[in-house]
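Quick look at what Swiss-Prot lists:
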type     : residues : note
REPEAT   : 4-137    : repeat 'WD 1'
REGION   : 177-207  : region 'Disordered'
COMPBIAS : 187-198  : compositional bias 'Low complexity'
REPEAT   : 252-347  : repeat 'WD 2'
MOTIF    : 310-314  : motif 'L/FRRG motif'
REPEAT   : 419-453  : repeat 'WD 3'
Amino acid sequence: MKVLRFNQDASCCVVNSGANELTVYNCDPFGKCFEFNISNVNGDSNDNGIGYDSLEAGSSSIESQVIAEMLFSTSLLAVVDKGQGINTGKKLKIVNIKKRSLICEIAFPSLIVDVVMNRKRICVLLDNDQIFIYDISCMKLMETLDLWESNNEGNLNDHIKVGERASNMINENLKNGNELDRIRSKSNNNNDQTNSDNGRSRTYSINGSHKIKPQLTLSGNDNSILCYSKYSSSKQNPARILNDIVVYDALNLKPINYLNSVHKGCVLKTSVSIDGKLLATASEKGTIIRIHKTGVDSDFASGPLLYKEFRRGSRPSHIHQLLFNKDSTLLVCVGDSDTIHIFRTDDDGLALDGIDGDIGSDSGGSLELIKNRIPHEQVKKFFSRKIKSHIPNQNLHRDFAHINMDRIVHTVVGFPEEFDNKIYVASDDGSFKTYTIPSKHGQCVLNKTSHFI
């Protein structure tokens with residue numbers, strides 16, 4: 001079993017429960033909402049939607065064979081089944097999970113790596129380093145982006161056509177956003193259950209080889225701020241480094257900002273805040289977590305784009321999830337270590353203390369010249385800063401709160417929108433846990449443990 005991911009407001013959790021079966025669980029109260037077979041969502045499924053014809057149940061593979069992205073509390077689910085072969089891995093299905101019916105299916109020229117969506121846009125990342133952006137109301141292709149192209153101009157002539165039926169059915173489902181809310185009130189039983197997980201994986205396979213997966217993250221609000229990692233070298237350069245970030249307005253289809261070399265190595269994981277103003281990044285090493293201003297607000301030009309910097313730990317870790325809460329005051333970091341870290345982003349004392357531009361620009365001047373221009377104490381401060389700027393920072397701020405986990409348990413987390421001080425933890429040992437985040441520095445308190453069936 002694999003826990004795939006929470007929906008955008010953490011009201012539901014989608015689980016790949018084995019052999020092409022997807023199950024949607026309500027988080028509060030905890031319980032099963034829907035289950036259906038991925039390969040039979042076109043209406044030809046049996047009564048309970050369960051079938052076993054491709055994946056091995058209980059697969060121990062770290063990377064799930066299924067991508068599933070749920071649209072808030074609606075009945076819309078975007079699904080990619082890579083377990084049926086190469087051709088199915090190139091197809092995106094938009095399904096109605098309540099009716100177990102296929103709304104539309106889109107075939108792409110290459111394997112699908114990731115899918116993200118909100119109420120306005122759905123974005124699809126392919127393994128040929130292209131991003132397809134769709135209007136979710138009618139599934140019209142709005143733009144294509146190339147991770148190698150400097151101008152990021154899409155080719156609308158290569159769009160994939162979807163019929164009127166898709167547009168009408170999607171609009172109908174978007175209007176029925178309270179379907180799961182009604183079911184949620186009935187799901188306060190069935191708490192006896194088992195699970196597993198997947199975060200979005202570190203690498204993906206192409207013809208047996210592995211490469212770092214480009215990152216794709218979309219803001220939860222209707223502004224649809226899309227942030228994606230981009231190669232900092234030319235396509236001919238074998239040393240492919242994914243450490244540049246493009247901030248893109250997916251609603252108005254125009255680039256907003258370009259963040260250059262956010263880490264020394266490849267960017268392994270990203271997350272954008274709900275309002276699209278902040279972007280969190282982690283590299284392959286996973287010891288440093290950085291928060292950047294995306295530049296979507298008018299105040300970004302008044303200061304550096306690097307907003308906050310945290311030390312997760314001294315040992316390297318594969319980070320597979322970063323997530324902001326709804327107010328962007330907390331950032332959770334999940335890796336393959338035995339601790340889940342929660343950082344505070346709203347403490348002014350944590351802001352980076354940059355070097356003054358006018359003093360720093362005098363680095364080529366003589367000591368005597370500097371003494372004549374600024375007082376003695378400022379001279380000392382100047383040299384302290386210059387020396388410090390060339391020494392790795394060993395005193396970065398650490399987590400505000402944490403959760404101790406079994407190291408072997410792969411985990412996905414969610415911040416429930418309706419509970420400010422809670423966090424959900426779904427793990428591949430079959431547990432679903434609810435924790436309270438402390439008001440002061442310390443360990444999160446376990447409130448409740450449930451189990452996936």
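Don't overthink the numbers, they just go from 1 along the chain as shown.
Glycine is treated like the rest: Cβ placed from N, Cα and C.
Non-local neighbours of the repeat 'WD 3' (419-453) in the same chain are 1-3, 6, 10, 13, 15, 17, 23, 25, 27-28, 30, 32, 190-197, 325-327, 330, 332, 340, 342, 400-406, 409-413; each lies 6+ residues outside the stretch with a CB under 8 Å from one of its CB atoms. Under DSSP, residues within the repeat 'WD 2' (252-347) fall into helix, strand and coil as 3 helix, 48 strand, 45 coil. Residue counts for the repeat 'WD 3' (419-453) under DSSP, split into helix (H, G, I), strand (E, B) and coil, are 0 helix, 21 strand, 14 coil. With DSSP states grouped into helix (H, G, I), strand (E, B) and coil, the repeat 'WD 1' (4-137) comes out at 9 helix, 67 strand, 58 coil. The average pLDDT computed for the motif 'L/FRRG motif' (310-314) is 92.
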